[in-house]
Each structure stands twice: as structure tokens, then as C-alpha cells.
């Protein structure tokens with residue numbers, strides 16, 4: 001089949017027919033040179049008996065050959081019947097020559113340089129950190145209050161998010177209020193054809209059916225379609241914001257997929273396959289694509305999702321198509337939604353090419369209405385016979401030019417039909433940039449920590465140290481040195497923890513990339529709320545360490561610390577609405593906003609299903625960006641660079657040391673100091689007992705009467721002969737008569 005080069009349209013209804021002039025070059029300008037036709041048709045009064053409208057597209061080829069290349073049938077005409085007194089159908093396009101031309105190199109205005117109320121440029125100072133942004137506005141609209149922050153409390157404009165495409169919203173009439181799309185078929189349609197291959201093209205147009213007066217002398221009713229935009233192709237700039245996707249089908253063996261975006265408009269394609277998001281079924285892209293186009297030559301915008309594979313080709317996940325021409329021509333302003341208020345900065349800043357005053361004037365010209373009038377001070381506007389006061393639309397702007405813009409937006413709201421849905425989608429900017437943060441935690445002291453050990457003298461004590469990490473980043477676990485022999489639960493450390501992490505401000509979560517398996521090519525991104533976990537332990541050398549308490553701080557909703565240890569209780573960790581809150585310090589705060597916090601926080605343990613206070617920690621928490629961390633370096637613990645702030649070694653009691661490293665010193669502090677008096681008294685008593693024993697032992701003993709004192713053995717040996725002789729002589733003298 002030859003390509004269609006010069007088509008014309010034949011409209012048949014009720015035995016009447018009209019034919020349009022042929023399109024000379026379909027590839028340069030597919031619009032008909034004449035747009036409006038009037039056909040008189042005799043139709044029955046009963047709507048069910050009205051004949052259909054037959055549409056036939058004829059290709060005007062050489063030698064007078066005019067084959068029918070496509071046809072369609074409109075069977076129901078009820079939707080096109082209108083009253084003759086009704087106003088003509090007018091598009092919402094500005095007249096030619098108004099507005100500012102858009103070039104392909106034009107970029108969205110920076111928040112600090114936005115169009116001013118009177119066509120000038122208003123420069124605003126940029127805040128270092130905005131409490132709310134476009135993502136806060138989006139999450140507030142979707143009901144995710146945990147990620148929206150304080151957006152609802154700011155009173156800014158809300159956002160309407162639909163769970164379907166705008167063409168499927170009933171009140172928007174499929175965005176075909178200006179012109180409808182009719183599919184053209186060739187031949188008979190086969191019901192078994194799944195993809196409908198007989199569709200050969202599309203025809204865009206609209207019908208209006210109204211009765212004519214029976215009296216020929218009566219004036220005819222006003223014709224419809226009085227003012228139409230030019231039939232020449234229009235150059236446009238298309239910005240596509242890909243926010244996120246839901247419920248994607250898995251494409252990999254692990255039950256996930258690696259999606260990336262590809263945007264196609266005409267012959268232009270954008271989207272890099274290397275910018276895929278690994279291992280996810282609900283990706284958050286947050287990307288913006290900008291493409292120049294010419295309507296209606298390049299009217300179909302196709303957005304596709306592909307699954308990244310190491311070896312081509314990539315699998316197609318799904319695609320959707322958007323008719324840009326319908327969105328541009330629709331009176332519901334589906335091209336660029338209008339915000340509810342006129343702002344020159346922030347997440348609700350004005351994005352349209354024309355200011356509210358220009359839009360209202362264009363609307364009045366297209367409807368042949370009187371132009372709006374503004375008072376000299378800009379506090380009052382008159383339009384369509386009604387007066388609008390500035391006080392009716394909230395707070396009064398400071399600039400006189402802003403007052404006229406606010407009045408124009410409020411006065412034109414009921415009629416301009418900016419109903420998609422009159423909200424501003426906003427400019428997300430670079431949303432998916434993972435911000436690099438560094439959390440610095442300085443452990444100063446502990447108080448009232450549970451005492452788990454008992455010394456040889458019966459004293460209760462603990463060898464205290466603190467261990468900490470961020471939830472999900474257990475491999476970055478850090479611990480302080482040990483405060484030995486704490487007898488009252490006090491610990492002194494002056495120790496710094498440093499935890500670098502990636503943070504998504506739009507989702508208020510930490511990003512934890514990790515590989516599920518050793519053979520995994522890509523890392524799986526886990527998202528967890530930022531939470532600091534600190535644990536207090538008792539150090540043991542010959543057994544497992546004893547757990548003393550834990551403190552878990554949600555950095556996005558952190559309890560206000562106590563200034564003094566006696567004010568540090570478990571009530572700080574409970575979000576009780578009836579508890580009194582100090583005026584100078586909120587009950588809950590975000591460390592990402594406060595940036596620096598110091599004080600006392602309670603530690604707790606679970607006993608029999610109840611929480612019990614087991615200690616108190618004094619520390620400083622500081623949140624820094626990666627640039628701030630480079631400008632203010634610091635080392636872990638007390639290592640170099642020991643600055644910001646400089647941490648000195650803690651001043652601990654002399655008894656704080658490991659006992660087997662200094663045995664003599666251990667005897668001094670373990671035995672001598674606590675039992676000095678007892679030891680001295682015991683030594684004195686021992687000496688007295690020894691002296692008494694020696695005295696008793698040295699005392700002489702007297703022999704009994706009539707008995708010779710005992711002689712020592714040596715004495716017997718030295719004088720043995722003499723004694724023997726004496727005894728013999730005695731015997732002889734005592735008994736002289738005995739024989740010799």
C-alpha cells in the first residue's frame with residue numbers, strides 16, 4: 001500500500017455530504033486548511049432514529065485516483081446536540097502574539113529568580129534549609145504524613161493526586177472537549193484481532209448539532225466555533241516529570257526488577273539505561289525530561305519502563321501514551337495547572353508562561369468580554385460586573401504588583417476553567433539526589449548505671465562502656481573505652497562516634513545499599529528511618545559482657561534532652577499529649593532541622609514486660625552535611641584530627657583500672673583504701689598475740705619438791721663417770737657389811 005500523501009475528509013449524514021479541501025502535505029501540516037463547515041441535514045425528532053455520521057478519508061492521488069483509506073462511524077449523536085442560544089465553543093488558547101515564546105533551550109526558573117508581578121524579575125534570598133519542599137507537598141497530598149513533615153501546618157496550597165490518568169477522570173471529559181479523536185478503520189473489523197490491526201489512523205474533530213428556525217426569514221442562530229487557533233503547527237516545549245512507579249511486575253529471578261525510564265516523542269528518545277534503579281518494584285525516579293516538539297506532528301508522548309539486563313535486549317515492563325495535543329487544546333488546562341495562590345518562591349511558585357493578569361485578559365478577549373479593571377492601590381478588581389476585594393483571598397501581598405496578580409487569579413478562577421484541577425504540580429527539581437550526611441555523637445558521661453559485678457570485698461561495681469550504631473548499619477558499630485570499677489554508676493568517656501550515611505529528604509529515610517548474595521551484580525536498596533541505637537554494657541574478661549541498658553533515638557522525631565541528670569526520666573521517651581511541654585523547647589524535634597543537641601537521655605531495660613530506668617547518658621548529637629564535614633574535620637574517639645571540638649582524656653577516679661594489669665595497685669585500691677582501719681587494727685591485734693605467745697613461751701617453770709631437777713642429756717654425757725662413782729661409793733658406805 002502506498003503512503004497517504006494528500007487526504008481529504010468526507011462527512012455524510014442523512015443523505016447529505018460535504019468534502020473538505022485536501023491536505024497538501026501531510027508530513028508538514030496535518031491540519032485541514034478550512035476548519036469549520038456547516039451542513040444542513042433533516043433529522044427525525046426521535047433521537048433513537050437519527051442516522052449515524054459517516055466519516056471517510058479519501059487520498060487524492062495522481063490521475064484522479066481517490067481511494068478510501070479509512071472510515072469511521074459515529075452512531076450516537078446525543079452528545080453533540082446543543083441549544084442554539086448557547087455560547088459558542090471557545091478554546092482556552094491565548095490569541096496569537098500574546099505570551100512569551102518558549103525555546104528548546106529555555107530552562108525552568110531558579111527559585112531565586114522568578115517572574116515578578118509586573119514582568120520584572122524578583123530576586124529572593126535562598127534559605128539554607130527549607131522545612132518543606134515539593135516532595136513534602138506531594139506526600140501531604142497522598143496522606144503520607146510521616147514524610148510530609150510540617151507541610152500541612154504551613155497553610156500552603158494543597159495538591160490533588162488522582163489514582164488514574166487525567167483522561168479517565170469523568171469531570172474532565174477525557175480532555176476531548178475541544179476536539180474528539182475518532183479511530184479510522186479500513187474494511188471490516190475482525191473481532192478475533194487482539195491488537196486491532198485494522199486501525200489505520202485518527203481523525204480529530206468535533207460536531208455541534210442545533211435546530212434551525214422553520215421560518216426562513218428568521219435570523220439564524222449564532223454559529224459555533226467562532227474563534228479557533230491557527231491551523232498551523234505550533235512549536236512547544238514538553239517537560240516530563242517522572243515521579244515514581246508502583247506495583248511493577250517482577251522480571252528477574254529474585255522476584256524484583258531493575259527499571260529505568262525511556263521517553264519517546266516523535267523521533268526523539270531520552271533515557272539512559274545505565275540510570276536504572278536496581279532490585280525494586282516501587283522505584284522513585286524523580287527525574288525531569290525536556291523535549292521540543294511540533295504539534296500536531298509529534299503529539300503522542302510515550303513513556304516506557306524497561307528492565308535492565310546485563311545482556312541486551314532489555315525486557316519491556318510497560319508503557320503509556322499521552323496525547324499532547326488534547327492536553328494543550330483542552331479548556332481544563334491540562335498543559336500546566338494553575339496554583340491556588342500567586343507565589344514567587346517556594347513549592348507553590350508560579351510556573352505558567354503568563355501571569356494571572358495576562359491569563360484573565362486573554363480569557364476576556366476570547367469571550368468578547370470587557371477587560372478587567374483594577375483600582376489604583378490594587379485592592380479591588382472589577383470583572384464581568386462583579387467587584388472582587390483583595391481581602392477575600394487571604395493575606396495581602398506586600399508588593400502592589402502582587403495584589404493585582406492575586407486579584408486576577410481569584411477573579412478568573414470561577415470562569416477560566418483551569419480545572420486540572422486548578423492545582424500546581426510544581427517543579428520537583430533534582431529530587432532523587434541522595435544527600436550525604438554525617439552524624440557525630442560525643443559520649444561525655446553516664447550516671448546511675450546499673451551495677452552488675454561484685455568485688456572480692458562485696459562491693460557492687462561495673463566496668464562501663466557504650467556501644468552505638470545507626471539502625472541498618474550494624475557494620476559501622478563503634479564503642480568507647482572502658483570505665484573500670486564504677487562504684488556509683490558514673491562513667492567518664494569524652495569519646496566521639498562518627499556515622500556517615502545517605503539520606504533521602506523526599507522520603508525521610510536512610511538508603512542502605514547492600515548485595516543480597518555474593519553473586520549479585522547490583523545492590524539492593526533498603527530504606528529505613530534514621531535511628532540511633534546506643535547500648536551500655538558491663539565489660540567482663542572471662543565471661544560474656546553484661547547488658548545494662550539501651551537508648552533508641554529516632555532522629556526525625558527525637559525527644560528533647562534534659563539539662564540536668566535529675567530531670568532525665570523515662571517520660572522523655574513517651575510521647576504523651578497530656579504532659580506539660582516547656583515553651584522554650586519542643587517535646588519532639590528533628591535533628592536534621594535542629595542540627596545540634598546536647599543533654600541527658602535515659603537508658604532503659606525490659607523487666608517482666610515493663611520498662612525500667614537503668615542509666616543516663618550525657619552526649620552531644622550533631623548532624624552535618626558532607627560539605628560541612630569536610631570543612632570541620634574530626635576523628636573517631638580521641639584520634640586525630642581531634643577537633644570540633646577537641647576531646648581531652650577523661651578525668652576518672654584513681655581506682656578505675658584493670659586489676660590484673662597492676663596487682664600491687666589493685667591491692668592498694670581494692671583492700672587498703674576501703675579497709676584501712678580494719679587492716680591496721682588487725683595487724684595490731686596480730687602483733688599483740690605474737691608478743692603474748694612469745695612471753696608465755698619464755699616464762700621459766702619450777703620443779704616439784706623431793707625430786708631432782710631434770711638434767712639435760714649433754715650434762716649426763718659429760719659427767720657420767722663421776723656420777724657413777726658417787727653412786728657406787730654411796731652404796732658401799734651404806735652397806736659396809738656386804739661382800740666386795
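Glycine is treated like the rest: Cβ placed from N, Cα and C.
From the options 23-53, 54-84, 85-115, the stretch TrEMBL describes as region 'Disordered' is 85-115. With a cut-off of 8 Å between Cβ atoms, the residues of this chain six or more beyond the region 'Disordered' (626-648) that come close are 435-438, 440, 442, 478, 480-481, 494-498, 500. With helix defined as DSSP H, G or I and strand as E or B, the region 'Disordered' (626-648) counts 6 helix, 0 strand, 17 coil.
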